[in-house]
C-alpha cells in the first residue's frame, strides 16, 4: 500500500497531465509562427519569447508534479508546492495591477491625444477610415476629430430605428453620421480582451492554489505514514 491515498494521487497526476498537454499545445502553436512573421505580421517578439518561457515552464513543472506524486517523493512535492505558491502570488499580483490600472488605461486609450496622433499619421488615418466603415463609427473621440473634412466612411444612412446623428456644417445641408466614436467602439473590444486576460490570470492563480493544497495534503499523508512506520518499528523493538 502506498503512502498517498490512491484517489488523491490519481487526481493530482491527472491534473498535471492536463497542464502538460496544455503546454504542449501552446508550443505547437508557437512553432507555427515563423521568424519572418514577426516583421510581416507585426508580431511582438518579446511577447512570443515570454509565451515560450510560460509553455516550457508549464510542461516542466507539471512533469515534476506527476513524477513526485507517482514516486511519492516528498522533496519533489515540496519543491512543487513552493513553485505553486510562487506562481499563485505572481498571478494574483499581476491580476490586481491590471485591474487597478485598467480604468486609467482605457481613459487614455479613448483620449483626444490619441486622436491627434492618429490624424497626424496618414497610415493610421487610413486605418481609422477603414475601422469607421467596418464598425460604423465616426472619429476616434467623435465626428469633431475630422473638423470640416468629414470622410464618407462617417456617413450614416437614416432608416427606421437607426441611430444616426445629424450635424450642421454652416451653409451645407445637415449630414447624418454614425453617433458612436471609434475609440468607444474599439474600447469595448479592448476592455473585453483585458477582462478575458484577467479571468485567465485569476484562473491560473486558483489552479496554482489547488495544486498547492493537494501537494501539501500529499506531503502530510507521507509524513503520517512515515511517523506510523517509525512508531510501529519502535513498539516492535520494545
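Glycine is treated like the rest: Cβ placed from N, Cα and C.
Check TrEMBL against the ranges 192-214, 215-237 and you find transmembrane segment recorded for 192-214.
Residues 49-67 are the range that TrEMBL records as transmembrane segment, among 30-48, 49-67. Residues of the same chain lying 6 or more positions beyond the ends of the transmembrane segment (79-100) and with a Cβ under 8 Å from any Cβ of it are 61, 64-65, 68, 194, 197-198, 201-202, 204-205, 208-209, 211-212, 215-216, 219.
Below 8 angstroms of C-beta separation, residues 8, 11-12, 15-16, 19, 65, 80-81, 84-85, 87-88, 91-92, 94-95, 98-99, 102 of the same chain, each at least six residues beyond the ends of the transmembrane segment (192-214), sit close to that stretch.
Fewest Cβ neighbours within 10 Å among the disulfide-bonded residues 138, 154, 164: that distinction goes to 164.
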